[in-house]
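J.: Pasting the feature list from Swiss-Prot:
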type	residues	note
ACT_SITE	ASP128	active site
BINDING	LEU75, CYS76, HIS77, MET113, GLU114	substrate binding site
Amino acid sequence: MSGLTHFDAAGHAHMVDVGGKQETQRIAIARGTIRMLPATFALIRDGKAKKGDVLGVARIAAIQGAKRTAELIPLCHPLALTRVAVDFELDDALPGVHCVAQVETFGRTGVEMEALTAVQVGLLTVYDMCKAVDRGMVITEVSVREKRGGKSGDWKAEDTAG
């Protein structure tokens, strides 16, 4: 792995120059989990949360988060995203909810940060909508699971099947 790219020789932070990079299809998939009490899980599963459709609102928030990543992370390039897909999986065994975001663009830099931001914002929205009944929810295991495209090529997390 190469050195840190967001610092110059003097150690000052800067936005990486991607002007000379080739435009390619870029895809990143991120995943995260929010663990909660069984009663909170039941409210989400049964659609009975007082604030409304928890996962529907969280999906829209996650998409918005991906689109606004460059406003939140100082050295991220603003990107024209071509696709943001967000899915939630209810997990009775935790109990909790998994969030998976896939973000795509055709450009000169990757979309890993956008995928991570989508997952975090989606899970934060679940927390916000359910905190009145469960302040002990825990957001955990947020990570990039896969990335495709660009000079460094494709990558999958080692524990990712397939």
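Just so it is clear, glycine is given a Cβ too, placed from its N, Cα and C backbone atoms.
Relative to the rest of the structure, where do these features sit?
T.: Over all protein chains present, the Cβ of ASP128 (active site) has 14 other Cβ atoms lying within 10 Å. Look at ASP128 (active site): DSSP puts it in a helix.
Classification of LEU75 (substrate binding site) by DSSP places it in coil, neither helical nor stranded.
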J.: Rounded to the nearest angstrom, how far is the Cα of ASP128 (active site) from the Cα of GLU114 (substrate binding site)?
T.: 21
J.: Have a look around LEU75 (substrate binding site) and count the other CB atoms within 10 A of its CB, chains all included.
T.: 13
J.: For CYS76, MET113, listed as binding-site residues, tell me which one has the smallest number of other Cβ atoms within 10 Å.
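T.: Output over binding-site residues CYS76, MET113: least Cβ neighbours within 10 Å is CYS76.
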J.: In the structure shown, which of the binding-site residues HIS77, GLU114 has the fewest other Cβ atoms within 10 Å?
T.: HIS77
J.: Between the Cα atoms of ASP128 (active site) and CYS76 (substrate binding site), what distance do you get, rounded to the nearest Å?
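T.: Cα to Cα, ASP128 (active site) and CYS76 (substrate binding site) are separated by 26 Å.
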